[in-house]
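The following block contains the structure, expressed as structure tokens.
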Amino acid sequence: MSGYFQKRMLKYPLYGLIAATIILSVITFFFSWWLSALVVVGGIILTVAMFYFEYRLNEDVQLYVSNLTYRIKRSEEEALVEMPMGILLYDEHYKIEWVNPFMSKYFDKAELIGESLEEVGPEFLDVITGNDEKGIMSIAWRDHRFDTIVKRKERILYLYDRTEYYDLNKKFQANKSVFAVIFLDNYDEWAQGMDDRRRSALNNLVTSMLTNWAREHRIYLKRISTDRFMAFLTEEMLKRLEEEKFQILDRIRERTSKQNIPLTLSIGIGYKEDDLIQLADLAQSSLDLALGRGGDQVVIKQPEGKVRFYGGKTNPMEKRTRVRARVISQALQELITQSDQVFVMGHRYPDMDVIGSSLGVMRIAEMNDRNAYVVVEPGKMSPDVKRLMNEIEEYPNVIKNIVTPQVALENITEKSLLVVVDTHKPSMVINKELLDSATNVVVVDHHRRSEEFVGSPVLVYIEPYASSTAELITELFEYQPDLEQVGKIEATALLSGIVVDTKNFTLRTGSRTFDAASYLRSLGADTILVQQFLKEDITTFTQRSRLVESLEIYHDGMAIATGHEDEEFGTVIAAQAADTMLSMEGVQASFVITLRPDKLIGISARSLGQINVQVIMEKLGGGGHLSNAATQLKDVTIAEAEKQLISAIDAYWKGET
């Protein structure tokens, strides 16, 4: 600093002053020697003055810089000791060399020098030895949250205590809004047959139970119609409700059942959305999904993330009406007449229900003067379906309208109508490309609705209370024009679908099922032919026997059978094996794991109704009904699939979804 002043402020001005003094004294000497002497004296005085002031200035600057340097060093020392940031120095063996006072208060030990990080703070050691080069990392340690920065070359760890921020953020998240819509599934049906006194008593009972439940959990509840409530709560309240598995479902069902009025609830919940309108839309969408799955359950949705389900463990009561069947039939008729042609497609490896309902839709299209085509893959059929297809070959007017996916893709247009039967999952249809090519799509299914669904269908007819899709299609005939009578082969195929899905009218069979079967019989359905379709050969029998032979009981009547890793089994054989196992004493639910012809691992699940196998299969990406469900797994072995199944069963018994 002094060199700077000497160089820039003393050296050159002083030289200039001396030179000017000499020149001026020489010039004035020729005129007057005393004037020249005066100039010399003045120059000397100025030079001395400049030296003096320059010296004082330099001293003042030196003093200022010295004081400033001292203050900076002092502040650095105080910062290391007093600032609210932890500093930890460690050696090459990850032992503590020094910590500042701020950080030392977090440790239990008074003397930390020489202590191993692995013992006093293994979380810190993980940060130091980790490969993360992103800079700031967050860790949890002793009820605190720290943001950390590691300087590995200098062996320094900086820690910022963010516990207060995280606690505040956690509190903010816990208090975010949650919107719920509560629906009394079958309130109207029960209320219609009651007198005013009983209806009022039922209404008071349900309202009182829901109000007490809401008050218990600090939920705002408001009744908006006779069978609908809305509720506002927070995410913290929602978490508590999930922990208790929404016991209000069981309470309402059990309490009303004692009065011979088994009322059930469906609850749709939306959360993780700041916009209240979108939050309400999420809740309504969740409720629609809950009702589509049969009711008596809770569905929780967020904008991003997996949908969660609770309840739905009881067999749903039949709620569909003739009025709905008529409305759907008329809507389907209108869509058919507006199209140029109709294509019908079911799920891969179609069963009798798919073929029967497809032929039924084809006949409905012909009743409305439109050509219809059933899409199948000839090489991917079970033996019973092959026998049905062989019989159809005797009917030229029918067989000519059965086409492959390639033919359908070549002929489908923007005005064509595609009807998807017996499934609502895009991943399960015979040909995904055909589904994507269709502008107008109708879905008719009897499986409980899952999260995966056909995008933007123009008409949806899903009735999980029906025995089969064939039953639903049969009911639509009554409201169609009589231009074309239902033929014997269509009626027989539809009856076959009902027989297969109900296991000869023993499972999921309601009064409407018998009505549909009776109607089909009146149209000429051949029951003897149905039995011929369902006959099995010796190979099928022996394969099924081998599967049943591998049966093992896992948990409270849960029977599991597995095929060999390299032996392929058709889906029908696996399903039949599951049915056979279910007929054995002590078996409440059966699961058959096999290698399918498409190289996927398939799991067929059956139950007597006390155990909801659909919930178990949904945990593995599948679905179905309470007593009849299945799934397919990719890139796993049979042994690995069995482990996944056992985990899903364990989660089911724990009440997890």
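Counting begins at 1 with the first residue displayed.
Positions of Cβ are set from backbone N, Cα and C atoms, glycine also.
Worth saying up front: this structure is predicted, and the values here are computed from it rather than measured.
As annotated by Swiss-Prot, transmembrane segment applies to 13-35, 37-53, with the evidence given as sequence analysis. The domain 'GGDEF' annotation in Swiss-Prot covers 175-303 and is backed by sequence analysis. Marked as region 'DHH' by Swiss-Prot: 342-498. Taken from Swiss-Prot, the feature Mn(2+) 1 binding site applies to His347, Asp351, Asp422, supported by similarity to another entry. Residues annotated as Mn(2+) 2 binding site in Swiss-Prot: Asp353, Asp422, His446, Asp501.
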Measuring Cα to Cα, how many angstrom lie between His347 (Mn(2+) 1 binding site) and Asp353 (Mn(2+) 2 binding site)?
10
Output, ordered by sequence, the same-chain residues six or more apart from Asp353 (Mn(2+) 2 binding site) with a CB under 8 Å from its CB, or 'none'.
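Result: Gly346, Asp422, Ser468, Thr469, Ala470, Gly497, Ile498, Val500, Asp501.
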Could you find out if DSSP has Asp422 (Mn(2+) 1 binding site) as helix, strand or coil?
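In the DSSP reduction, Asp422 (Mn(2+) 1 binding site) maps to coil.
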Within the same chain, where does the transmembrane segment (13-35) have neighbours whose Cβ lies under 8 angstroms from its own Cβ atoms, ignoring anything closer than 6 residues to its ends? I mean 6 or more beyond.
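Sequence-distant neighbours of the transmembrane segment (13-35): 42-44, 46-47, 50-51.
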Write out, in the order they occur in the sequence, the residues of the chain not among Asp353, Asp422, His446, Asp501 that have a C-beta within 8 Å of the mean position of the C-beta atoms of the recorded Mn(2+) 2 site.
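Nearby residues not in the site list: Asp351, Val354, Ser357, Val421, Asp445, His447, Ala466, Ser467, Ser468, Thr469, Ala470, Glu471, Gly497.
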To the nearest Å, how far is the Cα of Asp351 (Mn(2+) 1 binding site) from the Cα of His446 (Mn(2+) 2 binding site)?
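Given the Cα positions, Asp351 (Mn(2+) 1 binding site) is 14 Å from His446 (Mn(2+) 2 binding site).
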Among the binding-site residues listed here, His347, His446, which has the most company in the form of other Cβ atoms within 10 Å of its Cβ?
His446
Taking Asp351, Asp422, Asp501 as the binding-site residues to compare, which has the smallest set of other Cβ atoms within 10 Å?
Asp351
Could you give the number of helix, strand and coil residues in the domain 'GGDEF' (175-303) as assigned by DSSP?
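Looking at the domain 'GGDEF' (175-303) with DSSP, the answer is 63 helix, 32 strand, 34 coil.
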Determine, for the Mn(2+) 1 site, the additional residues of the same chain whose CB lies within 8 Å of the mean position of the CB atoms of His347, Asp351, Asp422; present them in sequence order.
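What remains near the Cβ centre is Gly346, Tyr349, Pro350, Asp353, Val354, Val421, Thr423, Thr469.
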